[in-house]
Structures are given as C-alpha cells and as structure tokens.
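Q: Take this structure first; my questions come after.
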C-alpha cells in the first residue's frame, strides 16, 4: 500500500512538468549489498508533442562510457546480462513516471544511471546528468537529530534517519534504550525525485531519570546492522536526596564523632548549594558533610538537607539522630523527708527509639523488677538513701546515666557509745560515740551530770581530756585513768528533727585483749592472744579467756597460744584479770578471723521438682556452695566453656552480659546458682564447679539430666494386640544438624538410624517392654526416660498344677496361672463346686481352704488333706477380651517329709524339713530324724531346721513318727538335700622357664558344684577345654600338653615361641554362674640387646641386635622403632659407629605376623651423654614501665650442667638440685642503670664446659600518646616522653620520622589540632647528668576524610583493546571506593558489580581501585565517576577515557612458546588505513633494533633470548608517535636442574641441598629420597620434620638439615615441571661425599707437597748452574764463548760437557731453565778457543 502511494506521488510530480522536456531524479541514491534501491524518477515533455505509439523508457548505466542498458520498456532483450532480472521499471511511461527498482545489489552496481525516453523520431530526451548510485558492504551510521537543550518535563522528538529505502526487503530502523512506558515511535519513508530517506521518530516525555540514558538507533538491512548512540543530558533539580548516617546500625554515644552526609542520586547541573535544617531551624553549615565532632544532648533531633542547583532544589527525608545517653531527674528537688514519695525519671534526648529498655541500680546493685522509665520510691526511709543511676539498653548496646544522690533526712537514731581502755602506753581510756542522723546531729558526752565533750566545743576542758569530732562522731581520750573516771557516761544526739541518747557503764580498770600477729590469719598459722590489764601482776593473778561468751580457759598466763589456728578457733574473744585485791572489767571483744582455702564444693545439678517433666516450662537448677574464707571465686564450666561465674562480666550493674537469654545467674558469697529455662540437649552433661581463692582451689562435678529427650508412644501407651504403634523420640535441642538415634528395649540396644520414629506394625504381646531412645549429635548425646508399652490380649489357656506343700500340716497347693492383659479373673472349681476366685475371696481366715490371688495367678491351699479332696479340678480365666479354661485330676497320697523351700538348695539358704502324716498331728507323737541312715540324736521334734545350710549338711533325710501309746510307727520316704554353688576362687597361674626347654605352664583352678566347664583361650582362640579329650588336645600341637580334672585345667607349652605370647583367659561356667581369670604369658621371645651398654658417651660405637624365637621365621616382617617412629629397612641389627645425641631414643623391634597385630619388644632406652652446648643467654624486659628485667640462661647438656650467672665478675646466681635442669633464671625487680652491663653464664658438667655473655641494656624511656595513638584530624594530641630515671636539669630532644624536630626542657609535645603532617613515628632522647637515653619509636595515626581523589585512564592494547581506569585517593582509614560509568556501578573496592561492556578485572589496593575493561571502542569518551567514602566523609571525581594512540598488538599473543611464529604490529589510532610514507622503528628493552616501512615486526621462530619489553615509534607525515611498551614472555620447558650439595666439613652433622632450574613459566620443584617426598616448592606439599627446613624461591628449592641422620642420606632426585614439560637430576647427599672431599683434600695436599719439592730441586739446580757459569767467567783464558745470536743455544765441550744459557741478566737463565721451548730448539755448533 505504501508503495502505491509512492507511485501516486511520482505521478503527481509528473503532471507538474508537462510544460517542458524534463527528467526529475535524485542526484545520489545509496544501497547495501544484497538489498535493493529505488531511483524515483518523473519526466515531462511539451504538451504539443503527440504520442502516436507510446513512450519508450530506457535506463543506462555509465551513459558517458560503456552505456550499458539497465532497463528497456520495449525491447528487454537489449538489457545487459548483469542487470537481467534485477532491474525493474516502476510505473507507466504514459503517466510520466520512470522510477527504477534495482534488486540484489552488488558493489559493482555503483556508478551513474541515466534515463532516456523516446516518443517518435525527433521527440527524444536523455538525462545527461543522471543519478549516482553507491552500493556498500555495510550500512552507514544512521543520523540522529535532537534539540540542543533538554530539561525535565520536556516533550521532545528524536529523529533517526537513513538514506536506504527498499520496498522488497524493508530497511528497519529501531530505537533502543528508551522507557517504553513513557515513549512512542513513528516512522516515515520519503521516496521523491528530490531524494530518498527513511526516518524513525522517538517521542519522549523527559524525566530526570533519563539523564545519562543511552539511546541508540539501529539500522538493519540485508542482515547487516549499524547503530549510533546518543547520551542524554537532561537538566533537572537534584533528585534522590538522602542523608547518610555514619553511625547507621549502632548507637551514637556522647562524645562520638557523628557524620551526616547529604547524598544526591542525580543532579544536572551539579549541586551548587546545600542547606541543613535541624528541628525546623536552618543551620549555618552549608557543606555536603555535616560533622558533629563530639555528640551531646543538644545534638539530638530531626535533620534534613536541601540540595539545589540552577534548575531547582529537593529536600531529603528526615533522619532522626538520637544521642544514646541518659540522665536522672529527682523529684521533689531539695531536702527529702522520711515518708515522702520520691520519683526518679530516666530522661533521654529527643528522638529516642521506642524499643528502649530501662534498668535501675542503687549503689551499683541492680534493683530487681524496676524496668520502667520512672522509679517511684513510696514512703522513703533512710535505707533509700544512696546513689542512683539508670541504664538504657537496646539491641545495639547499653549506656548508663551519671549517678545522682538521694539523701533522706531523719532524726538521730540511738547513738552507739563504746569505751575501752588502752594499756599499751599507760592508762588511757577512749570513749567513742557515733550516731546515724541526717542532717548531722550535735553530740554531747557527759559523766555524772557534767559535760565532758561535745561536737560544739563546750564541756570540761581538763588537761587529761583529748577530744576529736567529725560529722555524727565524737571521740574522748582520757589520760591517766583513775577511779573517778569510772561510772556511767551518756551520749546525747540532737538535730532539728529530734533527739536520742544512750548510756554506758565505763570501768577504768577494764582489760585489753591483743591478737598477734594479726586479727586475720591463715589457717595453720600460730596465733597469740595477750590480755593486758591495769592490775599489778601478783603470784595469785589469774586470767579468764572467753570465746563467743563461753569460758574456755582460766590460768595464770596472760597469753593464750593457738599453735595452728583452724576454722573452729575463729570467733569473738574477750578476757578478764583478777587477783586477791581486785578484778578488772572484761576486755572489749576482739574478733579472730581464720582464713582458709576452699573446701570441697557441694554441687547439685537437677531439674526443678516443680517444673520437672517433658514440655515447656521445665527449669534446670545448678547450685554450687563452698566453705571458704575469704569467699571463693566460683565458676561453672560445661564442656570446657565457662557458663557462669561469680565475677562480674562487663562491669555493669546488671547480670553478666555473657549469659544467654535462657540462663539466670544468682550470686552470693561462696554461692553460685544458675537457673536454665527450658533446658535443651546441649545443656545436659557434666558440669564442673571450680572454687578458687588466694589460698587454694577446689572443684566438684555434677551431671545435669534435663530430660530433653522424651519418648512418646502413639496412639497410646496401652494398645490392643494387632494395632499399629509409633515410637517417637522428641528432642529439645538448639542445633538442627544431623542426628543419629539409638533405640533400647528392656535396656538392650534394639535399633539404630537417623529417623526419630520407629513403627510397630502390627504390635504383638512380645512387643510389650520398656523402651528408651538415645540421640547422638555433634553437640552431645541424650537418653530418654524409659517408657512401658502395654499390649492387651485375651487369656491363653491357663496352667493348673497341684503341689504338696510341707509348710504347715498335710497340705496341697493348687496354682492356676494365665497369660493375659488386662489381668484375667480366675476361678478354681472341684467338679462344679467353686472353691476360690480372684475377685471374691470369702473363705474363712482360719479355715481348711486358704486362697491367695495375685496378677493372673490364683493359689488355693488345702490343709489337712483327706481322701475327699481327691477329684477333678478345673480353672477358668476371663477378661474383657475373652476367656479360657483347663483341668487336672488330683489324688491324695500317704505321709512324707516336707522340705521348704526345695530339696535342691544353694549354699547358705535356709531350709525346713517337716515330718507330716495324712491324719494330722496327735498330741504325744514322737519323731526321730535320720541322715544317710544315721539317726540324728539332737532332733526329736516334727521339724528339722537349718538356718544356713552348708555342704557338710547335704544328704538323704527321712523321719519316723510314732503316736503316743501306739506300737506302730509311720516311716517317711527319704528326701535327698543337694547343696550347689556357683564357680568361685578361680585362679590362672602362668610360669615361664626361659632355659633350654623354654617351658611355659598355665594352670587354671576353680571351686564349683556342679563342676564347672573350664575353657582356656589365647585371645579369642580356644587352646584347651575340659570338654575335649586329652588325645584331641594333645594332637592339636606337639608342643602342647593338656591335663584335666574336675574344676582343674593344666596346659604345658614346650619350646615357647613368639606366637605363644599374649593374654590367656580361663572361663569357669556352671548353671549357677560364671567366673573369669586372666593372666598374660610373656614368653620372652623377642628382645633388643645393646652393646656395650645402654648408657654411652657421644662418639662411641653402639650396636643394637634383635633376638627372636618363632616358628614362622620366613613369614615374619621385622621393623625397628625409634621413639615410636618406624625406621626404614629390616636389618638384623643397628650399628651406630659414631653415636650422637640425635641417636638417644627408645628402641624396640617389632614383628608383624600375617593376619595378626604388630608385636613389639620391651623398649630399651639408649642414653647418650654429651658436654654442654648451645648455651644461650637472653633477656626480657617488661613492655610497659620497665619494672622487671629477666635474664635467662639455657643450655643443652646431658647430664644436666651446673649453671652460674655473674655480672661484672660478681656471682649472682647458680643452679641447685631443685632448679629446672639446664635452666637458670634471674629476675631483676625495679632495675636500675647500675644493673646494665655484661652478664656471663657458665655451664659445667663432667664432660665439658661452655661460656657465653650478654650485654643488658634497659629501655627506661618511652613515648606516650594521649588520648590515643589513633585520633581524627583536628583533635588535640599530646606526645609525652616518659623517663622515670630522669633527673633535672633534663634536655629532651624530639625526632619525627627519624628527623630532628625540636629540643628543650619540655617533656611533651602538644598539637591543639592534629593534621596529616603530624602522623608518623615519634622518638625522644633524654639527656641529663646520668647520660643519654633514647626511646623506641611510637606511631601516631591521624584519621581524616577522603581527599585528593584522582581518576586516570589509559589503554592497554597488547592483544585486544583494553581500557584501564584507575582511581586513587588519600584517606585514613582507607576509603571504600566505587567506580561507575554513566550511572552504572562497574566495580567497588569489594569486587566487580557489573560492566556495561566486555568483561572486567578489578585490582584493589589501599586507597586504589583499578578496572581493566576489554573490548571497549577506542572512541569511547564517556564519563567515569569515582566515589570514595569512609567513616569521616566522602569525595568524588570524574574523568573521561581518552582515545587510544599508537599501540603494539601481538599475534598470537605476548605469552608464546619457544619456536612459535610471532608478529608484532604497530597499530595507528585509525587502524591500518593509509600509512603513506610512514616509517616504523622497533625497540627492545630501550635499544633500537631496526627501522622499516611496514608496521609489522616478524619472528619466524621466537627464542627465549628475544623476550623483553618492546615498543614502536611511528614516523608519520603529521609527526612522530610512540607506543606504550609491552612485555613479551617466551615460554619453554625446564632445563636439567642444577643440584649443589654442602656438607659441614667438621663432622657432617649439618648439610644443605640446593636445586635450581631455568624455565618459563616458573617450574614446580620437588625433591625425593627414594619414594619419599622430602620437599616441594608448593606450600605444605611435603610433611615437615623438625630438623628439616625448606625454603622455596622462583625456580629454586633449598633444604637445610640441622641434623643429618642416616635415614636422610642417599640419592636425591630433583624434579622440575611446568605446563610445557619436565626435567630431573640426581645427586648423592650424605657423609660419603664429605669422605670423598676429605680424600680429595689429602690428595691435593700430597700433590702440592710433591710439586713444592720438585720446584725446590729445580731451583737448586738452576742456582747451581748459575754459580758454575759465573765461576767460568772469572777464569780468564780457560774458556771464551762467542755469541752468534740471542736465540741460539751455546754448546761447549770441556772435560765435563755442560749445557748452560748465557744472557744479559739472570732472567734469561730462569727462562732457559723453565721454558721447554728452549730445550727443543736446534742447537748450533760454535767455535771454542782454548
């Protein structure tokens, strides 16, 4: 439809041109490859031109050149093949339209297109100018038009246009980034001869939120896209204004530094004004940050901030500031009288939160139940006087108000008048009167109606009187007491509110009791009590002693001695003296206090009986009491954690802050009570109560069973058989982690698993039992109280039995029992006659029939049996679930012996034998008893009793009864009594004869009837038994011989070996019980033999040999152990040729038998003695004040060395037998400068001696920082130099960061307002007459808000474009940094939040944040904002990312393996482009390599030597440009490692093994000894040993062995590996190398000595030749020599032929003698003249 409209437009345009020959078409048209385009075209001609045969329309391509036909309306065949099917003429020529549609565009279609139309001969027209068509590969960037200025609320149109129009394949324009709820889009296509275009319009109503918004318009055609972005700059008033509170989440305390920051989310332009308002009143401060340096009461209120700019302003939401503090207001104000009501209000500043909780304390004691804001004291008394304060608390903390004093005025109470004489310094009497009164009372002391003293000053001013007074106190001291001073004294107290008085009868001759050494002593200490009196000592003087008012002693001694005071001696003592003339008054009481250590605490842990049971409301009680004076400090521990303590935690008046909410702690002297509400599983277990005081400690434990584990049976505890039952273990616990449940039935383990429920389906009678459950968690375990499960079922068939009871008379007992639940009702019948029933027992109490009923049992006793009692008896059982019955026939028989309780007896039982006849007992009947056929003469009654039967009384008993006057006897059948007993007195004896036969003997014996079965076990293996035949036991092993007898078992082991060792157990069992006896057999089959002795001196030869007797020698594995550590190898012996202290250990050999545990021999301790060594002398100084100096001397020596410590040649201390071995400690309290100097320590033992010394210097000078070492900027700071030893005049020299600052007599530096420049280390130097002393540096830290923020950026384009944005700031404490881009947070100092483009990597350092962003377009100039904030304030800065300049790009990368091809390209900002006549210079490590005209530097095979820093310099027509350097890393596998061995030359005790390798990247190094990993460059990869120290550095691994043990010697292999390969090397490390080194040194010494000898001989020969030469020169006429040349050798013939060299000087002689070339030259003959 749109296309038809376009054609109509073209047609209308054609009508306008009818008046002339014209062609209208655009000058240019653009298209995209693969798409299409339209050239809109209209033409016209004069109206007078006739059209006889129509109009021919023709389009040409390159009309002025090739003139190719594109379209022909009459003859399509002439169209060029290139345009066939792709060019289409739109419209009809008769309508004057000539538009051309060109499809499937190709770049070759670019060029000029011309239109020609032909009407007839002579009427033709061609458009010569034509239309230029441009076809590109990708679309051009669309054009966006927008207003120059944008502001909030404005409605604006954004037009996005493109020149591409294609009707067949639409060209799409699309807006992105807008808010669809506030915007609409519309589009418009233009297709006119004047030109073609496509426009998309975005209509938006702007909001402040659109500021910074990125809008993009994207054109898409032919599957290709191109877009353009615009960044909106919308002007608006500040938005999102809010206040950031520095104390968010915590309380603002008085004096805190509070910071309020006015934060603005968005503002354009920037905020220009800030106005702070508090409680509606404007503040003077107009900065973004409002600081309250010391928060106070007046600072509380509601704060708002108003931020404005040129557009407008906005106000933040109000923020309430509450200063967390309190003060107490007392009402009424002024004097408070008794019985008044006093109100104390706990006031807080404004904006106090509603969740505040209040507590009140009086005199630092918590007032229970007072938790409201006001405390009301009704009808106050003097007891209410005191200091009160309130405590406010919320979830963030607690704060206490200043205390206020409440004073209750009241009249004077009865005065306290006391008197005592003082006899130590003459006769002095002291009278003391004190009273409780408010206001203070006036005190008057009178005697005999006369005023002796008063607080007002009136009274008798006798020179013997001395008066002292204080508020509410008066003291009178009377010198030279006399009889007139005795009598009644009165003390009167008066005030404006009332009067009071008291009297005292004073005796001037009263005694005085003194306690020595003190009135308070420690238990066990001796105490002396002395009685002093004014009486003259006479022979008849006697002293009476009283304790707590009771007379305890009377005698002539004036002293009472308690040799060892105990707690029973504590109390109130007084004494009295008397003689024949007079009696003294009683002494004032004196209290003796005996201090004692805590006794054993009485500790109970239980549930409160009132709340015990399952469910909520339970309460656990822990109560610990102790007897201690002084009171002990108590603390309760549970699983090693302190849960309560009598000490105050936190210093508050309330209960300890460390207790959790369910726990309440009550404290009293020597008592600690803990209440646990709703105790959980974690609260159960053993608690320990510890009592401690300065005199000792004691403890007691108790177990708390909180019943946190409860077993519940549903649907009920009582169920009918066949119903389902669920057993659930309900556990009250705090943790919710995994748990394991164990189920117990009748005390035995029944089931286990993770489920807390067990189901019985269906339940049966066998399930009836007592059940319990147990939970096991990480926090602990808990066992429930057993619960009984009752199962109901109908009666089974009853069991009916008849027994002859011989208890009383001829009696039969019928017993009917049944199994049923609930219990059954039983009834017993003879025939149809009911005899007895369990429900109705109506039989006569003394009748012949007696019935007894119990649960499911009915017993009928029939006495005086007769034949009529014979017959059929049956029993019926009935309950609610059913019934059953059974019957039997009973026949009465003759006389018998009745035995009670049974003929089968256990030893010690009581037994009664009765002789019974069926007709009953007649009077006068005689009885005789027989045992084993022998009459018992001692028994003639009808009964025979044994109170406790013994084995000797067992046998066959019968009785004979004969009635009086009858000749016949009734003889009973014999009854046999058998006495049995359980096994007892079992013994197992083991004996070992280690002689030649190595015989082991085991003998087991026991007493038992019936005889016990004896079993002898070796471990769990049965080796002998009384049930086996002798032949069978003997055949089991030829070395074993077994012998058996009743209750006896004997085992002989011949040739005992290792396998026979172990624990043997003898079990003795019969029907009455069992007993065990165990014994260990030590066959002594394995032991360690030490030669020459187990105690040797260091350096001796020691041999340890194992001896073993075994039958499986080939199957055994032998091991050696040293201090429980297994040694490598399985040698028969260990040879220590040169034993060292490291060999001192416990040795034992072990044998491992297949299938059995390891067996070890008895350990043998090898003790190595050595002389003192490693002598160390150290000192420690107290860190603060220098009050204590400790000098410590330690040594390594065996036997322990005698240590002596001396100072300046003077012996100070020496070790004794009671000292810690090899340690001597000297403590110097309050050290003085004279204590400084050289200290020497000497260690002596029988094997040697060692000495060392130490210079002691005292650090008495210190720097103190007040108020703290860390203060905010602007706060006052004082730096003080403290030197206790300073003596005036003193000079103080100050240094700041090691630089001189000032000097003078002032010991302090004061900074009224600290700045950053004041931060640093301060040191002071003190100079006085004693010398110069200097302190250690003390660091001062200054806190300040962020400032000097810098945002910088650069490009890192080594492989792909990467932008680096870096933000730095100056801040203390370090700032929290946020980096954002166009309003979106990219990264913070906590990590990456989100990136607008690419993937980012964040690097964080102190006050520095760096963001690396990949794939950022180099034209990106968007703004980055960095916000820095700490607790003191914030600052922000912004910057733009500058376009990228010349840079180096590496392909395939900058980290390449060795041998790889590599290209380094010098990229220009505009890309490869046209480089013209540019040249490129390349540099490596700053040195120029070469210059080329191409921007690429090629490496065919890169080598490791070519690694380094590269950069390029481009010489362009516009000038030179240099890139940033890039680092090229060449990667290669490790080379063969280099291993170096160092061994201590003196003895090989210490050694170093060093392994190094060359590789890139760094290699991972490992060091192996055989298969054992010794060291690795990876941390904690190898197990650390105490004597091995491993240090790793890049491509290096070093092992230091302080003690080179035999197990550490051998072939070491060093392996190096990285991602490209690995390599290894091996070397020997041990004393063998040291031995070879010694041999090599000896060889060198020998060769050197030999060479020296040869040189000496050669020198002597040269000297001898020289002397001979000179001698010949002196003998003129005998020899003459003519020199031919310098290089010739002269040969002389004499009687003795000699070869000598003659030259100008002696040097030529040496050359001839030592240079072999001279010996090889051709000699020439010369003439000699004699």
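Here, residue 1 is simply the first one shown, and the rest follow in order.
Using N, Cα and C of the backbone, Cβ positions are placed for all residues, glycine too.
So Swiss-Prot lists the following for this protein:
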type	residues	note
DISULFID	36-166	disulfide bond
DISULFID	41-98	disulfide bond
DISULFID	160-217	disulfide bond
DISULFID	262-305	disulfide bond
DISULFID	346-390	disulfide bond
DISULFID	433-491	disulfide bond
DOMAIN	511-593	domain 'Ig-like C2-type 5'
DISULFID	531-575	disulfide bond
DOMAIN	708-790	domain 'Ig-like C2-type 7'
DISULFID	729-773	disulfide bond
DISULFID	915-959	disulfide bond
DOMAIN	1259-1335	domain 'Ig-like C2-type 13'
DISULFID	1367-1426	disulfide bond
DISULFID	1466-1512	disulfide bond
DISULFID	1555-1614	disulfide bond
Q: Can you figure out which of 262, 575, 773, 959, 1426 (the disulfide-bonded residues) comes closest in space to residue 1466 (disulfide bond), comparing Cα atoms?
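A: That would be 1426, the closest of 262, 575, 773, 959, 1426 to residue 1466 (disulfide bond).
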Q: Work out how many Å separate residue 1426 (disulfide bond) and residue 166 (disulfide bond) at their Cα atoms, rounded off.
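A: Pair distance, Cα basis, whole Å: 47 Å.
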Q: Cβ distance under 8 Å to residue 1367 (disulfide bond), same chain, sequence separation 6 or more: which residues?
A: 1349, 1350, 1351, 1352, 1377, 1379, 1408, 1409, 1410, 1426, 1428, 1437
Q: Take the domain 'Ig-like C2-type 13' (1259-1335) and count its residues per DSSP category (helix H/G/I, strand E/B, coil), listing them in that order.
A: 3 helix, 43 strand, 31 coil
Q: Under 8 Å Cβ-Cβ from residue 491 (disulfide bond), six or more apart in the same chain: what's there?
A: 415, 417, 433, 435, 443, 444, 445, 474, 501, 502, 503, 504
Q: Distance check, please: Cα of residue 166 (disulfide bond) against Cα of residue 575 (disulfide bond), rounded to an integer number of angstrom.
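A: Cα of residue 166 (disulfide bond) to Cα of residue 575 (disulfide bond) measures 132 Å after rounding.
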Q: Relative to the Cβ position of residue 959 (disulfide bond), how many further Cβ atoms are located within 10 Å?
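A: The answer is 29 other Cβ atoms.
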Q: Would you mind giving the whole-number mean pLDDT across the domain 'Ig-like C2-type 7' (708-790)?
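A: Taking every residue of the domain 'Ig-like C2-type 7' (708-790) together, the mean pLDDT is 87.
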Q: Within 10 Å of each Cβ, count the other Cβ atoms, then let me know which of the disulfide-bonded residues 346, 773, 1555, 1614 comes out lowest.
A: 346
Q: Of the disulfide-bonded residues 160, 773, 1512, which one has its Cα closest to the Cα of residue 915 (disulfide bond)?
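A: So, spelling it out, the nearest of the disulfide-bonded residues is 773.
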Q: Other than its own, how many Cβ atoms are within 10 Å of the Cβ belonging to residue 305 (disulfide bond)?
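A: So the Cβ neighbour count for residue 305 (disulfide bond) comes to 27.
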Q: Can you check which residues sit near residue 262 (disulfide bond), meaning Cβ under 8 Å from its Cβ, same chain, 6 or more apart in sequence, and list them in order?
A: 241, 243, 274, 276, 288, 289, 290, 305, 307, 316
Q: Please list residues from the chain of residue 98 (disulfide bond) whose Cβ is under 8 angstroms from its Cβ, counting only those at least six apart in sequence.
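A: Those within reach of residue 98 (disulfide bond), by Cβ under 8 Å and sequence separation of 6 or more, are 23, 25, 41, 42, 43, 57, 59, 89, 91, 115, 117.
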Q: Which residue counts does DSSP yield for the domain 'Ig-like C2-type 7' (708-790) in the helix, strand and coil classes, in that order?
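A: The domain 'Ig-like C2-type 7' (708-790) comes out at 3 helix, 47 strand, 33 coil.
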Q: On the three-state reduction of DSSP, what should I expect for residue 160 (disulfide bond)?
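A: Note: residue 160 (disulfide bond) is in a strand by DSSP.
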Q: What whole-number Å value do you get for the CA-CA distance of residue 531 (disulfide bond) and residue 390 (disulfide bond)?
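A: Answer for this pair: 52 Å between alpha carbons.
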Q: List the residues of the same chain that sit at least 6 positions away from residue 217 (disulfide bond) in sequence and have their Cβ under 8 Å from its Cβ, in sequence order, or write 'none'.
A: 142, 144, 158, 160, 173, 174, 175, 176, 200, 202, 227, 228
Q: How many neighbouring Cβ atoms, not counting its own, are there within 10 Å of the Cβ of residue 1512 (disulfide bond)?
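A: So the Cβ neighbour count for residue 1512 (disulfide bond) comes to 25.
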Q: Could you give the number of helix, strand and coil residues in the domain 'Ig-like C2-type 5' (511-593) as assigned by DSSP?
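A: So the counts come to 3 helix, 43 strand, 37 coil.
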Q: Going by C-alpha positions, which of the disulfide-bonded residues (729, 1512, 1555) is nearest residue 390 (disulfide bond)?
A: 729
Q: Over all shown protein chains, what is the count of other CB atoms within 10 A of the CB belonging to residue 160 (disulfide bond)?
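A: The Cβ of residue 160 (disulfide bond) has 27 Cβ neighbours within 10 Å.
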